[in-house]
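A.B. asks: Below are the features I grabbed from Swiss-Prot:
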COMPBIAS  494-508  compositional bias 'Low complexity'
REGION    494-520  region 'Disordered'
TRANSMEM  13-33  transmembrane segment
TRANSMEM  55-75  transmembrane segment
TRANSMEM  87-107  transmembrane segment
TRANSMEM  115-135  transmembrane segment
TRANSMEM  141-161  transmembrane segment
TRANSMEM  176-196  transmembrane segment
TRANSMEM  219-239  transmembrane segment
TRANSMEM  250-270  transmembrane segment
TRANSMEM  285-305  transmembrane segment
TRANSMEM  339-359  transmembrane segment
TRANSMEM  383-403  transmembrane segment
TRANSMEM  468-488  transmembrane segment
Amino acid sequence: MPDAMSAGAILRALLPEMLLSGGAMLLLLASVWTPQGNQPGAAEGAERTSVLARFGVILCLVVGLAVVIAWGDGAAGTPDGRVAGDGFRWAVDLVILLGTALALMLLEAEHQRSAAFGPEVPSLMLLASTGMMVLAGARDLMFVFLGVELMSLAVYVLAGVNRRSARSAEAAVKYFLLGAISSGFLLYGMALLFGATGSTRLQDITEWAAAQATLSPLFMSGVALLLVGLAFKVAAAPFHLWTPDVYDGAPLPVTAFMSATVKTAAFAVFARIMIEGLAVAAPRWHMGLWWLAAVTMVVGNVFALSQRNLVRMLAYSSIAHAGYLLVSIIVGDAAGTSALIFYVVSYTLATMGAFGVLITINGGRDRAPTLDDIAGLWLVRPWLAIAMTVFLLAFMGMPVLGGMGFFAKWYILQAALQAPAPQTILAVVLVIASAVSAAYYLAVVSAMFMRPRPEGQPVPSTTPLNQSLIATAAVALLVFGLYPTPIMELARRATTTTSPTSNPAAPRGEVRLQTASVPR
């Protein structure tokens, strides 16, 4: 009976991941199934991709409902504590599913223009999302590695999924080679931590570190290598060099998926490992992470200034946003992690909306859109120019017109300044970096509204699906920018501990992520 009870608890804890992976496998089977073994024609294959993308969106909604029910019912993690059942996991899962659903909608919109994607692509996105959800709940380094590899292997393929494009193939090779190196750092760091502590569970690692008078060089070497591997996954400088080339070469829907959803999952596991698992070692890793955040904010924004290629500009912008999110991890308390959740919601909406506009103006061409392509957009598609302005101002953090983007940065600044150990200098760097970002974001706005439309430039045409995605993302950013309380309240509930500190070994100011009860 105890074994049956344990099996039931494990099934309940992993039900969302099982639903998503099972649905992904069914869609994969549907992508290759043909009646009586007949090979589908090109038109049938193209239509099948669109249909499977729609089923993928429905699957994300179903799994999202399962996550909401699990959160509301107080579903716990696995009995051995290797998978969390806390609000942080469920909140991040919902953001991941939101990003995946929007990316699938972008995929269909792009596919209707270029017919560049095979019917297996929606399944690959869903499998990658399964790995991301594993990362969101992982409390064991082996589960972390399992989630990273499941996510990464699918995304490597997605980057090169347009087999008619040499740029896409180049992006896939670069991402695979550099991703394999980063996974080596990650795995070697985990091995050293296991060698030092005798366990891969975050709770055991924390308890071991708390019992030591001094932390061994073996342990700290493992922490350093783990930090390098995670920094690559979130595209933090100087481990960001792959980002512009891969984003530029990958298909636009895949780039949006990588920029928003992959980053959300990577930061979720980054936060859980550093705040929950390695909090005792914070005095040793804090300064390294501090410099990583500062350099990332500066490098991302400075290199974005000279870009005319809009995808490369957004790639460097995403590097800068990684720096902002690192500040929330450095803060290391409930305010910081709740600000992180709010930020990734805002960033996901703005990124998906912005790439929806880029897909529209690019018209299915095998190249990244430039400033010339978006010039004079106000003259031919005013609503697209207005929506793109909302997304860019959200990235910048402009009050009111930037919607949620302003409060996303405000909450991180507030957490940094009100932390037990205030991060005043980092807050100043964040403000200055955001001011620098205004130059390249407003350059795009200026091109849309102030420059004439180049002769011979086609008028962008949109599909109803892409129109609805862009409009929904823009309206959501504006509405929750005027009334951010519901999202922020959910983020606070997701990251508030049930006691003043559920990790007695953590240093002052460190709050362990919620472990059992669900917010009421």
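Cβ atoms are placed via backbone N, Cα and C, with glycine included.
Please situate the listed features within the shown structure.
C.D. replies: Tertiary neighbourhood of the transmembrane segment (87-107): same-chain residues 16, 49, 53-54, 56-57, 60-61, 63-64, 67-68, 70-71, 77, 117, 121-122, 125-126, 129, 132-133, 136-137, 252-254, 256-257, 260-261, 264-265, 268, 271-272, 337, 341, 344-345, 348, 352, 355-356, 359, 465-466, 469, 473, 490-491, 493-496, 513-514, 518-519, selected by CB-CB distance under 8 Å and a gap of 6+ residues from either end.
Listed by sequence, the residues of this chain that lie at least six past the ends of the transmembrane segment (115-135) yet keep a Cβ under 8 A from its Cβ atoms are 16-17, 20-21, 23-25, 27-28, 30-32, 42, 45-46, 48-49, 52-53, 55-56, 59-60, 93, 96-97, 100, 103-104, 107, 143-144, 146-152, 154-155, 157-158, 161-162, 164-165, 251, 257, 261-262, 264-266, 268-269, 364.
Below 8 angstroms of C-beta separation, residues 317, 321, 346-347, 349-351, 353-354, 357, 360-361, 374, 377, 409-410, 434, 437-438, 441-442, 444-445, 448-449, 460, 462, 470-471, 473-474, 476-482 of the same chain, each at least six residues beyond the ends of the transmembrane segment (383-403), sit close to that stretch.
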A.B. asks: Give me the stretch from 13-33, 55-75, 141-161, 219-239, 250-270 with the greatest number of Cβ pairs under 8 Å to the transmembrane segment (176-196).
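C.D. replies: That would be 219-239.
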A.B. asks: Residue list, the transmembrane segment (55-75) vs rest of chain: Cβ under 8 Å, 6 or more residues beyond ends.
C.D. replies: 12-13, 15-16, 19-20, 23-24, 27, 30, 85, 87, 90-91, 93-94, 97-98, 100-101, 104-105, 122-123, 125-126, 129, 516-518
A.B. asks: Quick one: find which recorded stretch in 13-33, 219-239, 250-270 has the most Cβ pairs under 8 Å with the transmembrane segment (141-161).
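C.D. replies: Result: 250-270.
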